[in-house]
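Chemist: OK, TrEMBL features for this one:
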type	residues	note
TRANSMEM	53-71	transmembrane segment
TRANSMEM	83-105	transmembrane segment
TRANSMEM	111-132	transmembrane segment
TRANSMEM	139-157	transmembrane segment
TRANSMEM	169-187	transmembrane segment
TRANSMEM	199-219	transmembrane segment
TRANSMEM	225-247	transmembrane segment
Amino acid sequence: MLREKTRPKGEDLIGQEEPSGLARAELAFFQTAHGITLGAELCAMVECDSEQAVVAALGIGGALGLTLSLVPTQDGITQGHALLLNSGTAWGFGNGVLAGIALDIEGSEYAGLLAGSQLAGLGAGALIWDLAEPTAGEVSMANSGGLWAGFLTFLIHAANEFDAEESTVAWSVLFAADLGIAGGAALSQNYPMSRGRTFVIDSGGILGFLIGIGTYIFIEPDVQSATAFSVMGILGTVTGLGTATYLTRNWDVEETGDFSANWGVSPTDGGALLSVGGSF
């Protein structure tokens, strides 16, 4: 069984997580898709020569992914644990894609690189859980850091009209994303937040990007300058992320759980008066 560890009872609300069926379902769904993907990559590596072989590889991969995610988690799994395993898999795939572009490989070699990267990412997620037991909010902050660092690096290259070599672009986006993951993880230790708040902040970044490029398009409908277009996207994204972060500063207000309530009934000439009082 996957081992779930108990956090101190006095920890704040953001850090309190219990095993849930939803987390287990998320893990099962994602790892089933992961298994199917691995099946497709295996077929590409060995060059499956029939439709039956392809279908068998996809089916077996999906079944293994589902089984290996459900059987070890019969006692449950926390949101943070499930999200960490799924995120490690996804980032492994992303790193594999970018590394393949940078190395200019294709075919069975590319499929092998992707499969290895995904499994390495999954293994890294399992190792990090044993070492740090991050919450879903902490994992989400790391994911957001990687996502936006990689995206902004790509926009910087776009602003420079992709003057650099394709391999340079790919490597820089890959390293920026990985550094962003590390930065987000480190930041989460000093500024913890919930998974929900990270979703809102990410939404602010997306909206900011659209407003930024939309402003440029309204001014210059023909998009004469890729540099100006990308710069507006960068400014919009950064502004959106910053604004959303500020506006959600009270999103995760700690709840102490210290409250009391009482009620009473007082007779009156016309009947009775019900009163309710409490402190929160």
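Including glycine, each Cβ sits where the backbone N, Cα and C put it.
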Chemist: Please indicate, using numbers and ranges, the residues of the same chain that are 6 or more beyond the transmembrane segment (169-187) and have a C-beta under 8 Å from a C-beta there.
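Modeler: Long-range Cβ neighbours of the transmembrane segment (169-187): 91, 94-95, 98-99, 101-102, 134, 138, 141-150, 152-154, 157, 162.
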Chemist: Which one, 53-71, 83-105, 199-219, 225-247, has the most C-beta pairs under 8 Å toward the transmembrane segment (139-157)?
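Modeler: The stretch with the most contacts is 225-247.
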Chemist: Is it the case that the transmembrane segment (111-132) and the transmembrane segment (199-219) touch, counting contact as three or more CB pairs under 8 Å in which the residues of each pair are 6 or more positions apart?
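Modeler: These two stretches do not touch.
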Chemist: Go through the chain and flag residues at least 6 beyond the ends of the transmembrane segment (53-71) whose CB is under 8 A from any CB in it; none is fine as an answer.
Modeler: 24, 27-28, 30-40, 42-43
Chemist: Sequence-remote contacts (6 or more beyond its ends) of the transmembrane segment (225-247), Cβ cut-off under 8 Å?
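Modeler: For the transmembrane segment (225-247), the nonlocal Cβ contacts are 148, 151-152, 155-156, 158-161, 200-201, 203-213, 215-217.
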Chemist: Quick test of the contact rule: Cβ under 8 Å, at least six residues beyond the ends. What residues does that give for the transmembrane segment (199-219)?
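Modeler: Tertiary neighbours of the transmembrane segment (199-219) are 140, 144, 147-148, 228-229, 232-241, 243-245, 247-248, 251.
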